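Novice: My questions will all concern the structure given below.
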Amino acid sequence: MALSFCGNDRDSNAYSVDNGVLDNGCFVDALNLVPHVFLLFITFPILFIGWGSQSSKVQIHHNTWLHFPGHNMRWILTFTLLFVHVCEIAEGIVSNTWMESNHLHLFMPAFMGFIAATTSVVYYHNIETANFPKLLLALFIYWILAFITKMIKLWKFAEASLGVQHLRFCITALLVVLYGLLMAVEINVIRVRKYVFFANPQRVKPPEDLQDLGVRFLQPFVNLLSKATYWWMNPLIIGAHKRPIELKKIGKLPIAMRALTNYLRLKDSYEEQRQNTEDPEKSPSIWKSMYRAFGGSILLSSTFRYMADLLGFAGPLCISGIVEHLHNSTEIDRTNKTGNMTFGVYFMSSTELLQNTSVLAVLLFLALVLQRTFLQASYYVTIETGINLRGALLAMIYNKILRLSTSNMSMGEMTLGQINNLVAIETNQLMWFLFLCPNLWAMPVQIIMGVILLYYLLGNSALIGAGVILLLAPVQYLIATKLADIQKSTLDYSTDRLKKTTEILKGIKLLKLYAWENIFCDRVEETRGKELTSLKTFALHTSMSIFMNAAIPIAAVLATFVTHAYIEEDRLSPAKAFASLALFHILVTPLFLLSTVVRFAVKALVSVQKLSEFLQSDEIGDDSWRNGDMCMSLEVGKKYKYQGDTKAINRKGRYRMDNYEQPVRRQLRPSETEDVAVQVNDGFFTWGSNLSTLSDINIRIPTGQLTMIVGQVGCGKSSLLLAMLGEMQTISGKVYWSNKNRYSVAYATQKSWLLNATVEENITFGSPFNKQRYKAVIDACSLQPDIDLLPFGDQTEIGERGINLSGGQRQRICVARALYQNTNIVFLDDPFSALDIHLSDHLMQEGILKFLQDDKRTVVLVTHKLQYLIHADWIIAMKDGSVLREGTLKDIQTHDVELYEHWKTLMNRQDQELEKDTDLESQTTLERKTLRRAFYSREAKNHVDDEDEEEEVEEEDDDNMSTTTSRRSKIPWKMCCCYLSSGGFLMVFLMVSSKLAKHSVMVAIDYWLAAWTSSNPHNQSFVNSSFNHTLNDDATQIAEHRSYVPVFIILCAAAIALCLITSLTVEFLGVAAATNLHHNLLNKIIHAPIRFFDVTPLGQILNRFSADTNIIDQHIPPTLESLTRSTLLCLSAIGVIAFVTPAFLIALVPLAVAFYFIQKYFRVASKDLQELDDSTQLPLLCHFSETAEGLTTIRAFRHEARFKQRMLELTDTNNTAYLFLSAANRWLEVRTDYLGAVIVLTAAVAAIWSTSPSGLVGLGLTYALTLTNYLNWVVRNLADLEVQMAAVKKVNSFLSTESENYEGSMDVSQVPEDWPQHGEITIHDLCVRYDSMLKPVLKHVNAHINPGQKVGICGRTGSGKSSLSLAFFNMVDVFEGKIVIDGIDICKLPLQTLRSRLSIILQDPVLFSGSIRLNLDPERTCTDDRLWEALEIAQLKNMVKALPGGLDAVVTEGGENFSVGQRQLFCLARAFVRKSSILIMDEATASIDMATENILQKVVMTAFADRTVVTIAHLVSSILEAEQVLVFSSGILVENDSAINLLAQEDSLFGILVRTHK
């Protein structure tokens, strides 16, 4: 057939214009070409010139997306226009097939129109980014021309009385409307921007966010196409391949998404409700405020969701159409078509078009693309809203925390745990609820639609299938709720296990020295056993849930098709069968998700309840006084009607009288107000209960003077400070602050509070850094020596996540903070409590008397150290919550002799302590020593430290990009193998084989269905079957039809059984792997040499037991399950399509390449963004808990604003990371979904061209449709698994640790039962080092100790004393020489034997939580009498008897319920219980007071009279009676003689040590 524009049919007069030019249809079509050609001619040169010059144009940031008005409208209209053009082309081509010869004019103009529309939008985008509106005129003219030409066409159609029943008429009408609307959009741009026809065009600036170079999240600013496909993410995701994504790269959030903006939105709607309610008691509803602030976005998202769901049903319907018309469309019957000829061409109806399979294939493709785009848009909008809501809630909670009344915190109404839960759990629950909430109303609609369509396809039997699904849905819900409960109990067990593990790790040295590590290891294993039982139940329920998920659709399909075979008259056609199969697949998802959504909705209700309770809790009073209002009446007491606590007043009346006795002194001072910094009149203060804690307070704090507050423990000294700061509730009375005292008060609390920041930031606390002042403060607090020990000096991170400092060091930093602040008033609450005497003196002299008094600052000091009273300018003595005396020391001496005398006796006592303190090596030196030990050992390890550091270093060294790239995109196969092998090969084999079997059976079911439905190609109904069939034939046909049923039932049953088996095997494989990995990890770590614990930070080891174990326990199994399932589904789908239409394989190659690159880029970027999200979350949570702990300090300093700012920054950073992560997920899903759509299109086209039977075509298309759902899951799961495998890798890195050599070269049977009998020790040429890489700490030591001797070992710090004690237990590397005890070389002994036969008392007492019995004798080998005897020797018997439970009395974690002295005595008792002939005491008296030490010395002399005792001494004085003294100096034994002889020698080192310490 020749091509011609107007066609050359035999009888046509295509080119005649006899009736008038416009009456020739072909001419009108030609006229329609004009505008399109015009546009192409004008725009192409402009675009090329534009693109050519774009490189020279300086790229403004992000091409400044300046949107012309009506921007989105224009994009939507253009997309609709493109779709209508596609329909027009299809209609033209299909109509053309009815004609004798080709009529190009039927589809050529439509095709040009499509190209012109595409060009118009590209052109517009370029003009817009270049901000050159004048060029829009070309488009304006195009719209007008197109509108006119289409109008003419429509008018001619109407004249020829063509109507809505003809498709071409409808299309033309639509085009007229669209061109009209586009014209209107263009006129609007002219109206607003005035770029033409107006004298002064409007100048426009880009939005504020785009002027800020830091904003990198561009979703709100890009055009519609980029918004829908996340095109703007490309540079970020592809760039991640070369260089990891850092925080800098993701920049800041746009203003509309920042926490502050959203907080204001939420707060306004919250407060608005508060104002509008009549009932002031009723709390505003958070739900309402959330709806008011974020309702719009939720509605938008739901709209998208509905559109996506409705488009989702296009898939099954198109499939049914394609299969049905596959072989009918070949015959074209031209006979009866002539009636529809107008203008010499054929006009068709829409139903005829939809019977064309190629048209349906294209429609299916477009529907899929649109459906997926809408779905991702809906997800994105909900996630963005959810993130905005979370930011707003966090800011709301934080503001509330800053205003919480202190009594709430201290009286335990609001614990830190609750606040942390609010922040970490409740806000996230609400965010997740928002993510899922469109499902709540979208799903019911989807289910109803699905059931209606099924009914339309299959009749009554469809209802049976739907019934099966609906009946099993509640079971899903039950399983889901059960899962949540089990997870809770698992959590409890794992917390318990972690506590025990932490204890073991903290006391590991003691456990090894006593050879108890296995006993304690078993305690952990026992808890782990319970946790695993719980995990198994969890696994069982999870696998049930997965099983239900997979089995429900199979059961539904089975029920439906079997009943259909028996009930319905019609035979089941392939078209209907596969359409309904696809519908069942669609139905299952909402039903499965519904249970999850409902569960989240329930959780969200609970969370909102908790939140509103929190937001309603009491707040602190307004403190107008800080702003300089001289008088501040704290009348917050409206809540507390003061009930006249008469008893209290009468009892305290006497003191009141005292106050009036001495008014004389007051008059001597000049004008009151100037001289008083703070004054309290008749103050009654409370901590929230109606009983006043402080009553009848009348005090004055003189300006520029040092005021001290003294009194017994618990008499209200700290409360008085807080009352002045406005933290307590006032029942009556007033607090006055003088005007010139600026509103900030430097305040150091009793319990030190540090930020997670560097030492310097903790001290400057937001004030500008002044070097001189900083230096002075550090010296005053004698922090320099401590700072020198830290690895990075004062830039070292301290606080919860940083380095742990001791109590004294923490307290000195807090005092330094108060000193450094430039405030007029300084409140110090017992700053000496954790300091030893030297430091206290230094701080008092240098810090308080010199540094603060020189500045003439007003100082209020609470203290117990009465010897400092002589320095005070003003003294306030407290007793039982009221003021006992106020005045100078002289006043008190004259007026209250009794009190003064009492103080004097106390002072003497303190002076004695002082003497005792000086001859001790001070506590501070001890603290510094522990700090130094921690770091020395760490530095040695530094090059082996930090699990992944070596890797990163390697990566940085490789400048050669390609190596790092391949590194980052590799999947950790090795770790996967390691994980699977931990699960056991049997389980792995079971899992793999059952998975393969299951998927094969699933394919078999569908194949059987195809065979069954295709068995009889003529779908006549049995009733009106052709007359020549006998009834007998009918019966055989029915029988044949039903003969397929049994096999179908068997296959379905097999599939359901296999579903159960696979879901169980995967979950239990996970449990087995978790069991083995944890067991091996625990054993490896507990048996590691002591050196390992010196060099590996405790936090790092604990992380393996907490976070990493949790991932291995709970996260890897479901990911693995999902990954294998989706991968196998995709593979079976591709296999089926290839089987049906082998031609598909050709198209598969480019698709596979595209898929490979998408997943490769995405995995790398996703991993980075995930890490950013995790790493930005921790500081946020820490900031909240920090603030809640340090409330009083923050408020006293008035730093609320700074902390709020910090919180907003942290929230925004975390939200940015999370937003980018979810945008990256959308990026991936859009791409894989489009790939899926292309696969469906290619499969459909291949099927249409092939000659396969219709049943198989249906099978192939149904599978292609499921493929789109699973492609992105494959990638997402791969990315997740990769992140989770890092946990296996970290655990694995610890599994390669060397264990101690427990065996020894001697057999246990060769060691005598009672060895060591005498306790004779010979040290022969001993050399010891901690590690083969380090220098020796003891060099060639020779000594001999006789049985029963008392030996002292001394030397300066670091001389190797403690190393010798460790050498006795073979804890360190003895690489030369030997120690022989009672004739046996200890290095040959099995470790367990050696360590269980010696006793040691360590420097820091370690107790474990449990009972006293457990602490003395965990092996349970001794009788009670023996234990009591040991306690009696250690002077503890009476105390333990008094405890409830006696020997079974509870010991809390770390022995916190006993004093340090008592703990040391318990350790002594522990050494007695084990009756060994050798006792080693390692600086055991360092942390106890005089009295306890005397007891110890006495006991050792009596109870150990016949045993060998080796004492390693801090205080040389404690070994002056020793029969033999070994003096060490830097690892060498320098002196070895009795103490008396050594003292007699003039220049002996021992003598020098004794003299310096005396």
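Including glycine, each Cβ sits where the backbone N, Cα and C put it.
Take a look at what TrEMBL says about it:
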- 945-960: compositional bias 'Acidic residues' (COMPBIAS)
- 678-905: domain 'ABC transporter' (DOMAIN)
- 1321-1555: domain 'ABC transporter' (DOMAIN)
- 942-965: region 'Disordered' (REGION)
- 33-52: transmembrane segment (TRANSMEM)
- 73-94: transmembrane segment (TRANSMEM)
- 106-124: transmembrane segment (TRANSMEM)
- 166-185: transmembrane segment (TRANSMEM)
- 353-371: transmembrane segment (TRANSMEM)
- 377-398: transmembrane segment (TRANSMEM)
- 447-473: transmembrane segment (TRANSMEM)
- 546-567: transmembrane segment (TRANSMEM)
- 579-602: transmembrane segment (TRANSMEM)
- 1047-1074: transmembrane segment (TRANSMEM)
- 1128-1158: transmembrane segment (TRANSMEM)
- 1234-1250: transmembrane segment (TRANSMEM)
Novice: Do at least three C-beta pairs under 8 angstroms join the transmembrane segment (73-94) to the transmembrane segment (1047-1074), pairs 6 or more apart in sequence?
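Specialist: No, the transmembrane segment (73-94) does not contact the transmembrane segment (1047-1074).
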Novice: For the transmembrane segment (1047-1074), what are the same-chain contacts with Cβ under 8 Å, counting residues 6+ beyond its ends?
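Specialist: Contacts of the transmembrane segment (1047-1074) (Cβ under 8 Å, skipping residues fewer than 6 from its ends): 532, 535-536, 539-540, 542-544, 546-547, 550-551, 554-555, 557-558, 561-562, 979-980, 982-984, 987-988, 990-991, 994-995, 997-998, 1001-1002, 1004-1005, 1008-1009, 1012, 1109, 1112-1113, 1116-1117, 1120-1121, 1124.
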Novice: When the pLDDT values for the domain 'ABC transporter' (678-905) are averaged, what is the result?
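Specialist: Summing pLDDT over the domain 'ABC transporter' (678-905) and dividing by its length gives 84.
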Novice: Give the one range among 33-52, 353-371, 377-398, 447-473, 1128-1158 whose Cβ atoms make the most pairs under 8 Å with those of the transmembrane segment (106-124).
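Specialist: Stretch with maximum Cβ contacts: 33-52.
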Novice: Which residues of the same chain, at least 6 past either end of the transmembrane segment (546-567), have a Cβ under 8 Å from a Cβ in it?
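Specialist: Residues packing against the transmembrane segment (546-567) from afar: 454, 458-462, 464-469, 472, 475-476, 479, 577, 580-581, 584-585, 587-588, 591-592, 1002, 1005, 1009, 1041-1042, 1044-1045, 1048-1049, 1052, 1055-1056, 1059-1060, 1063-1064, 1066-1067, 1121.
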Novice: Are there residues at least 6 beyond the ends of the transmembrane segment (377-398) whose Cβ is under 8 Å from a Cβ of it, and what are they?
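Specialist: Contacts with the transmembrane segment (377-398): 219, 227-228, 257-260, 262-263, 265-267, 270, 290, 293-294, 297-298, 300-302, 304-305, 308, 419, 422-423, 427-428, 430-432, 434-438, 611, 614-615, 1180, 1184, 1187, 1204, 1207-1208, 1211-1212, 1215, 1218-1219, 1222-1223, 1226, 1229.
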